[in-house]
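Below you'll find the structure, written out as structure tokens, and then a few comments.
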């Protein structure tokens with residue numbers, strides 16, 4: 001006897017079983033779920049997979065998202081502890097990792113995350129060998145290097161979220177000070193995501209007008225308007241948000257969806273993201289730092305050769321040396 005479905009639907013051709021734009025998010029903590037929501041909100045994928053070791057939380061988040069699928073463009077939302085659920089992903093977003101314990105050294109924190117990534121990355125590669133991996137876990141620059149080493153992927157397919165968010169914060173704060181919209185205020189934060197990031201004051205402009213030409217002291221201690229404070233606020237803003245609400249998640253979620261959109265839609269937009277910078281600006285070691293990069297359907301396809309002042313190059317090199325000081329002592333890579 002025919003089922004209701006068979007009575008209702010007459011098949012004409014076999015359905016495709018392979019998704020066109022599948023995205024996987026590894027880790028369903030605050031950041032992972034903010035990434036998932038932002039990806040779904042932009043309608044970037046035809047299938048979203050969630051993976052974590054936390055089974056109940058994983059199932060709960062999946063069900064909660066599925067129940068909202070009526071108003072989303074993505075109706076297929078899956079989740080499992082088994083990485084088989086991630087098969088055929090185009091982009092894999094890694095947000096998983098361990099948190100720093102009180103008094104723990106940065107090297108020890110990174111080494112513990114290396115041990116986590118030694119499980120995650122081979123599983124990703126097993127089921128989605130043709131994917132691009134976007135690393136969000138902190139410290140993002142070092143863990144992007146770790147991912148590159150563990151995955152065996154070419155460097156254009158391993159990208160760190162890097163300073164995309166730092167630059168967004170920078171533009172927001174400058175625009176607020178100038179009373180204009182952030183999209184009309186252009187500026188870049190490069191280097192390490194975090195305390196040693198580099199504000200490229202020489203490139204800050206509005207409508208092509210260099211702000212440093214109007215105020216040559218901009219970004220220095222001699223500046224009576226104290227624009228340098230804007231960069232300090234960028235660096236401190238994550239700590240401030242964490243102090244107020246316990247974690248940061250929404251801004252990084254929006255930032256990640258922004259990067260994914262550039263890749264899946266082949267937009268060739270320029271973003272400050274973490275890439276392998278050996279051989280650039282006199283950097284001699286295999287470190288990942290943020291530079292202005294072109295993101296397209298192939299991944300990270302080009303780096304923009306931004307003209308930097310000598311002091312900005314020196315700051316970049318200092319960032320690279322700091323990261324290499326930790327990376328060179330990592331074990332089991």
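Backbone N, Cα and C define each Cβ position, glycine as well.
Taken from Swiss-Prot as is:
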- 193: active site, proton acceptor (ACT_SITE)
- 29-57, 99, 138: NAD(+) binding site (BINDING)
- 106, 138, 169, 248: substrate binding site (BINDING)
Within 10 Å, the Cβ with the most other Cβ atoms among the binding-site residues 37, 45, 49 is that of 49
Per the 10 Å Cα distance test against the residue listed as 'active site, proton acceptor', the binding-site residues 33, 37, 45, 49, 57, 138 reduce to 138
Smallest number of other CB atoms within 10 Å: among the binding-site residues 138, 248, that is 248
Least surrounded, by Cβ count within 10 Å, of the recorded positions 57, 169, 193 is 57
Here the binding-site residues are 29, 41; the one whose Cβ sees the most other Cβ atoms within 10 Å is 29
Looking only at the binding-site residues 138, 169, 248, residue 33 (NAD(+) binding site) has its closest CA neighbour at 248
Note: among binding-site residues 33, 53, least Cβ-dense neighbourhood at 10 Å is 53
Among 138, 169, 248, i.e. the binding-site residues, the one with its Cα nearest that of residue 37 (NAD(+) binding site) is 248
